[in-house]
Amino acid sequence: MRPASAANRAAGLPSKLMLYLVLSLACLLAANAQRTCNTHSDCDGTSSKRFCNSVPFGRVNGVCEDCWKCCLFPDRFNFTATTNANGNVVAGGCSISCGCNSGSQCTANSQCARGLFCMKSGLSPTVCAPCTRCTADSMATDPAGCAAACPAGPLASVLGAAPPGGYDPDQVAAVTFWSFALAPWREVGYNRTMVKATELVALLSNESYLSKPVNASFDYNTTYMREAVRTVYSTAQLPITAAAVPLAAVAETFAAGGRATLCPKLNSSAPADALPRVTGPGCACNLTSDPAANRCPSGFRCSRSGYLALSADVLVDPVWAALGGVCVPCDAGQYCAEGVYVKPSQEAARLKHDLDCPAGSYCPSPGQIITCPAGYYCGQRAQFKTTCNYTDLISTPEALIPQDGETDIITRLKRNREPIRGNYCPEGSSKPSIVCEGGYYCPNATSQIICPAGYYCKPQSIYPVACPPVVACPEGTESPDGRPLAGLIFAFIVVGMYLLYWVTELGMWVGERIIRHLSLVARIRKNLANLGQIAGITETQTEEHKEMEKVQEAARARNEVGFQMATMKTSPWWELNENTNIRFRDVRGRMPKGKDKGGQLEGITGFFEAGKLSAIMGPSGCGKTTLILVLSGRMPAAVSVFNDEHETVALTETRYRRKLGFVPQDDILHADLTVRENLEYSARLKLPQTVPRVYRHGIIDDTLRMLGMYDKQDRLTGSVENKVISGGERKRVSIGVEIVGKPPILFMDEPTSGLDAARSSELCTLMSNLAAASKTNIIAVIHQPRYSSFILFDKLMLLAPGGKMLFQGPPTLCVPYFRILGFHFPVEENHADTLLDIVAEPKMTSDRGIRVEELPIVWHSKGEAWLHRFSNPVERFRRAVQAMLLSNRMTRIAKSAMRPQGTGAANVTTNAAETKAIASAVGEAKRPVKLLPDWSTKKHKPERDALKTGSPERNEWLAVKLTKLFPKHAEEGAAMEKQRQALEGYERGFHSETSSTPTEFSNPDTISESGSSEDMGKILLLKYPNRGDNIKDELAQTRAGHINNCDPRKWFKGWKEGIMWEFVQLRWLVHRNLVKSTRAFWPGTVVDVLLLQGAAFIVGVIQGSKWGLSAVPSNVVMAYLVLSVLSTVTHLRTFTTFRTVQLRERMSGVSVFATFFASNITDLGWIFLSPAVYFAIYYFVTLPRNSFDYFYIVGFLVCWYSSGLSYVISVSSIPQQAQLITAVILTLILGAFLHGMSPTIRSSRGTFLEVVLGISYNRWAMEASTIGEFRKYFEYKSNEIIMIYYGIGLCDMDQILIDDGNDSLSVEEALSFVTLQRDFDENYCNTSMSNACIILFCMGLGFRLIGFAQMLYQSHEQYFSILRERLWHEFDDLTKIGVVIAWVDHKRKSIITFVQKLYANHLRAIAASAGQGLKGGVSTVASKAGAGLSTVAKGAASGVMTVGSGVRSGVSTVGSGVRSGVSTVGSGVRSGVSTVGSGLSTAASGFRDVVGREGSASNKGAAGSPAGSMQRTGSAATAPPEVAAPPSRTGTGTHAGTSRFAPSGPHTSSNGGGPAGGSNGGAASGSATNV
């Protein structure tokens, strides 16, 4: 063996360290195709036995090594063994796993593990020993020697003879190791001591750690092998051309280390061009920029941070120490070109992306860069290209790896909503989210194709979309302009509607003329009728009916307008199936709050007879209208109604409403129907279907002639705002609408109001004749009729204020009755007006002392009995007086009988029999008729008038007075009362133990209280069928007769016919509504269409056609909001415009079901049309991808919803003037604020707000339309659609997709999104879309049912009110809750009383405290005043004394002076006295002022004050005499005066007094005060 090199010896390295380095290098080079492992079992399955070389520290995975390494060097590989549960070694303990049996006995090499041989120990037995001990063949038991088990053979042949100290162990170990490592690559017939260059190259080429990337500038593997071979040959000092080198030289070379062996050698004396240009990784490099030699190859950079050396390295390797840098690999994702140099101060630059692989390229290794191909994208630091197809990419693990230093793919798709398809990635793309440009489409990520002509391509399109017709779309169109097409559609609709209007008008005109004037049509109709009779389709007409039709057609041809009342008696169609009397008792009622007219009723009892005209009169507020409303069932009241079969019924039932006609005070008619049409439809809706057509036409024609409207039957009725016919003519039409229904009872509410006297008289004559001819029971409320009309009434009911009965009987006996009571009727005034004047003054007293407020008592006690006596001659009296007082009118009527037919002023003619009856009545009237006594006016009696009404004295006086006035009728009255009670006993339901009829002479104020408020009044309908009546009201008979019958077949038949009648009314109501809609086409329908089109165009222009997916929900919300508002306003007219007319019809027997659903059916046309008109403009302006059909369906459902909401509002009790604003505001709130976007559906989950959003039409319309539109984009925008759904809460996406709201993406969120993205397709949300449509439809249907229920309740309010009261009473009887309520109310009142008392006591205490304070203040003022008076008095006295002393002193001086100055002294004395007098006067004046002020305050405060005590006893005033009033001269205070309400005469004043010193005066100069 060659000795160690001089360099190694110079370094003085220990031999053991050298051995470790050699072995480490050997391990690196010998690990061919190494496998990572954790346990020994991971290395099984190889040709040679291996073990897992895993150290117990710092190493995550082990490496599979050959077992000969463990057996040769157990101290380096045999770590502590780790065993499993079965005791098997799984890690460490390689000698156990490899079976290294060193030291065990053996007889042959085969008994020893690899790396061992069977060695002779000198003495038996032989043992297995490592090959490092086989120095000579003699030591091996095998005849072949050491080579049999050890590749190197005996060490002496390799290393030579052993030196005296023996072989170097490190050399022995190195030679042995490399001999085993070279064994697999030895060639056949190799020399154990020599190594060929090819064998050395084979060994190095299979070293995995030397397998480096290959680029154009440097072949790492070849370079390393070349350098290693060169080093080995240099060590062996052999030329490179030598065939082999000694094994010892190879071991010595590799023992120097990998760097010394593999890196290029540097020679400082060599020329520059001889230096290596590129060095290898881990080798020394030139630490300069752009060096000429020793450059790091591509993928590596020259760095000082990777350089590790000692200062002593200059002794070992001077070049290594001189360069100071080492080639280290660049980071993954970076690109390092050859010769990259990083300054030591900028070593951190690699962390600043300066060396990163640029975007648009990818770097598989740090030394390689490739441009990103088309269809792929490469972000910064990309190591590989990534496909732009998100659909494929989302399912790969890379989807969760952040890209480009930003976010991962799933986050981009979910949060950033990058396009999953429709993106374009050209060559060098750095991002996959480059959206395909508008005007192009991208079927895949590698191509972008321009949009062809006739198509348009929005951004991110994957295929072109065909443009609508007529819209110009050149090549490259991004978004077409649909406004020209919308304008064309707009013009087409307008022109079409204009043509439709004129065609409709022309068709109606032609059809009317054809039906009326062409006999051909009549013959065709006749033939069709015959065919129908043969087929059993149409009704069979008798010969009699045919003759009647001919007569009617002839009359129409002659245009006869006159009407003979006598013909009504002979016409079969005027025969009533029943004549109904109405009797009522104890009827009470009160107008609901808020009504302007009507008063209360207090126990009214009466009887109205069929065939009579009954009038109800009284002042305003007496209850006239209330009475007829209660009797007709139009106002709720506590009454029980019985029919002639003694059954309890309700007047609100349809079968009875058809019998109770009602003419309202206002003219409630269909203004857009003609006069005849109003009557025609009324007859269709009210007359039974069994009435032949000829009868119906006869009724209508007769009514038109009767009303004088035959010549105006084809004119529109009009209204107050749009007058076509006069107000009187509308009134007649309003009456005719009820007449054609042939009601047995007809109520009229002030039919003459608003008419002049002549028209009122004509109307009263018509009503009288109609009642007499048709046997109709007519009850009319009349206000101030003329006398000629007054005497036409068959019965008069006079009511007093408060709803009390004053008179009921023939009007001709009303005036005598009031005359008996002492009331005057001036001859020059209308008796009807006089009656109303009397009744309107409750305080008026008649000449006989009867007060108006006592008239109800008088009527019940004496009046009814008196009327019964004179009931027989009433008819004669009426006719006589009528003939006498109306001679002029009768003359005119008689003359009209001789005029030609149809020329009468009132369209009324008479026959000869009637003229004769008139003449007879005139003659009868000439005879004197004396039915009533006449009393002269009696004198006024003050003692009678002083009695209080209702007092016992007044009642006693009234009883005596009435006995005198009605002396002969007491017994007859008692008999009449018995007869009436017997009749009521017979008429079941009217007998009652608690009669509310007041007793004789009771207090009139207690009349209304005689019966409890809970006692129910009674109404009896009595039916008396006529003979020969062939018209049968089958509906009324079957329902009245079959319901109580237990036969199910009859019961079913009755209800079947009732249902059929409902549908018959429905049919004619629909027909009428269609006629009305046709007439309302212009301008109503045209304006509605123009509004829809204009709104659609404006909304469409605002939104445009370049919107994105995120704008779809808000766009559809706005579109449907506008459509809903317009639809709501339009359909609000359905019930609002004709609300009063429909209410009148429902109250007259027209079915609520038919009325409501007929309007619904008619409105369906507009509900179907309006969304088509709206979206015909909006769709082609905005150009959505979804089909027009789908937008139309959702629009139809929105209109269906909105119309239902309008029905609820229009039918409700909301005032009509507030319904429009209510509907608009409610629609805006539901559509503009509760649409589910703000607040979102997702945020309202599980709260009450979710329920509120659920009633919004736009919440469901938005969901349905958004889902429908997004279905067209799911192929390439599914991720954006999913996130929009999630953000709003559509399709329940917020409950499906997991999202915690954080920016970071968790594994659960990613998995949920990927799974949903995989399953999401076009039909994913179809269920939610269908549910939204179904909910919209159901809510619209629900609104209609609510509206129908409201209308039903309003029409049957009386029934429901009574039912509610009865249920409450039953509930009260069951639970006694009324007692609790009464107790609570009593306690409440007690508490209120107690609080009031406390408050009153508190106020009293406050007042007392204030009084005490006032008293104290007055006392203080009085004391101050007394002190002031005392001071003034003292001052005055002192002044007088001073003056007196001065005077005396002056007089004394003067007296003792010169006597000649006596005159002067006298004048001085006089001057002094004058001065003293003025001083006294001044003092007295000041004293009076003080006394006057203090005395006035004392009188105002409290009597007996000190100031008051200074007055004299006899004075009446507190002021001094100077300011007191002068005394009266006469001592009396009389005055004369008269009063309107009291007797006139002199009165003595209470202020009168006596003498001058009395209470009214004082002495003129007496002493008023004491000083």
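Keep in mind that glycine also has a Cβ here, set from the backbone N, Cα and C atoms.
The stretch that TrEMBL tags with transmembrane segment, taken from the ranges 229-251, 1080-1102, is 1080-1102. Here TrEMBL gives transmembrane segment for one range in the set 145-163, 1190-1208: that range is 1190-1208. The transmembrane segment (1190-1208) and the transmembrane segment (1329-1353) are in contact, since at least 3 Cβ pairs between them lie under 8 Å (pairs 6 or more apart in sequence). Scored on C-beta pairs under 8 angstroms, the neighbour of the transmembrane segment (1080-1102) with the top count among 1150-1178, 1220-1238, 1329-1353 is 1150-1178. The transmembrane segment (1108-1129) shares more Cβ pairs under 8 Å with 1220-1238 than with any other stretch in the list 1150-1178, 1220-1238, 1329-1353. This prediction places the mean pLDDT of the domain 'ABC transporter' (582-827) at 83.
Same-chain residues lying 6+ beyond the ends of the transmembrane segment (1150-1178) with a Cβ under 8 Å from its Cβ atoms: 486, 489-490, 493, 654, 685-686, 1061-1063, 1065-1066, 1069-1070, 1072-1074, 1077, 1085, 1088-1089, 1092-1093, 1095-1097, 1099-1100, 1119, 1123, 1126-1127, 1130-1131, 1134-1135, 1142, 1188, 1191-1192, 1195-1196, 1198-1200, 1203, 1207, 1344, 1347-1348, 1351-1352, 1355.
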